[in-house]
């Protein structure tokens with residue numbers, strides 16, 4: 001039977017579980033968990049290996065830890081991305097980190113070999129998710145959802161050769177936005193491109209361009225619109241020469257195209273898309289690329305990817321070639337692959353390359369030596385005297401209960417200078433100081449770390465004064 005201290009488990013049950021306590025009271029029970037036994041066993045197993053000279057503590061290939069400084073940067077990027085998704089009306093969604101293997105197979109073409117398979121632990125063959133798109137399609141089919149605008153932020157895993165310097169990993173975070181449902185042509189597609197522009201502009205990474213695959217546009221025109229291949233190639237000549245928004249005007253001025261009924265029908269969606277992009281004010285950011293090819297089997301329509309132009313945002317920056325920083329496209333047939341009756345739900349979406357963007361931002365911060373606050377602490381509770389721990393604990397509890405982010409030093413008798421230095425190093429803006437004199441007068445000293453000015457505030461007005469100062473900063 002597990003024991004805690006000198007008391008048997010049953011004795012602790014008597015002391016903690018069977019004592020009378022008032023209604024609504026919370027009982028926190030101390031328990032010796034089985035995990036502690038497991039940890040001890042693991043330590044025993046590791047010990048012989050740790051004694052070997054060749055034992056190296058490291059993360060697996062293609063993965064990494066993120067320090068507190070890095071987490072601050074990452075969270076700011078994610079907050080900006082997610083706030084844009086929400087601004088466009090997306091709902092949050094999460095799916096399991098692993099799926100049934102059969103759900104993922106035959107969805108990624110040649111890339112299927114990069115899927116991580118898991119050992120059979122209970123009668124099901126499982127694989128770690130390769131992306132967030134296929135699980136989303138499975139969710140739609142399983143729950144018979146016909147319309148949904150969703151975002152999803154989560155980790156995915158790919159068994160490829162990582163290039164850490166370029167933001168490529170085996171385990172990485174994806175940020176996806178997708179619109180599922182039957183809608184009028186090109187409206188959801190245009191909104192996805194608008195979202196990419198908003199996010200990349202907001203992150204201030206420098207100039208960028210969104211490239212659309214001409215190969216996929218040509219395929220749609222020939223296979224779905226019935227356009228003659230030679231007419232489609234004529235359009236391709238314009239794409240190669242002009243790209244972007246100007247190609248629409250040029251093509252409609254060409255008599256060989258404007259007098260061809262099939263060509264006009266084939267160009268209809270393309271014209272419509274650029275009309276919407278012009279209304280959104282982003283048409284000049286879109287260009288066609290003859291070399292861009294479909295990477296995953298489930299794409300059925302136009303695909304696109306956003307690349308940073310090879311000019312840094314600041315002259316002091318070194319160029320970092322990370323490839324595309326966002327990508328997406330239309331996949332109208334993926335949901336039907338999961339539906340027993342093959343019912344399709346048209347979908348279009350995008351994925352933001354968070355890891356690659358993070359690499360760029362991280363390098364920029366190193367270049368300019370930017371200092372990062374790793375905490376959001378607003379107030380530090382300090383004392384200049386000994387034996388004031390109880391008063392500091394009471395005071396910090398008042399601040400926490402008022403929703404103020406506060407810290408104190410975990411020492412009975414810390415030196416005041418040490419406490420003030422800590423505030424300066426951590427970037428904490430305010431310090432509240434309590435001592436014998438303040439206690440006697442019923443006041444608290446409020447100190448600005450930046451200006452070092454101190455004022456005496458009555459205890460009952462302290463929270464209001466702190467909140468006022470924080471709102472002004």
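Heads up, the Cβ atoms here are built off N, Cα and C, so glycines get one too.
Because TrEMBL annotations are produced automatically, they should be read as predictions rather than curated entries.
Given the structure is predicted, the values throughout are model-derived calculations rather than measurements.
Record features (TrEMBL):
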- 131, 132, 133, 158, 174, 178, 294, 298, 299: L-histidine binding site (BINDING)
- 62-384: domain 'Aminoacyl-transfer RNA synthetases class-II family profile' (DOMAIN)
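Taking the binding-site residues 133, 174 in turn and counting surrounding C-beta atoms within 10 angstroms, the largest count is reached at 133. Using a 10 Å Cβ-Cβ cutoff, residue 131 (L-histidine binding site) registers 20 neighbours. When pLDDT is averaged over the domain 'Aminoacyl-transfer RNA synthetases class-II family profile' (62-384), the result is 85. Sequence-distant contacts of residue 299 (L-histidine binding site), defined by Cβ-Cβ distance under 8 angstroms and a gap of at least six in the same chain, are 216, 329, 330, 331.
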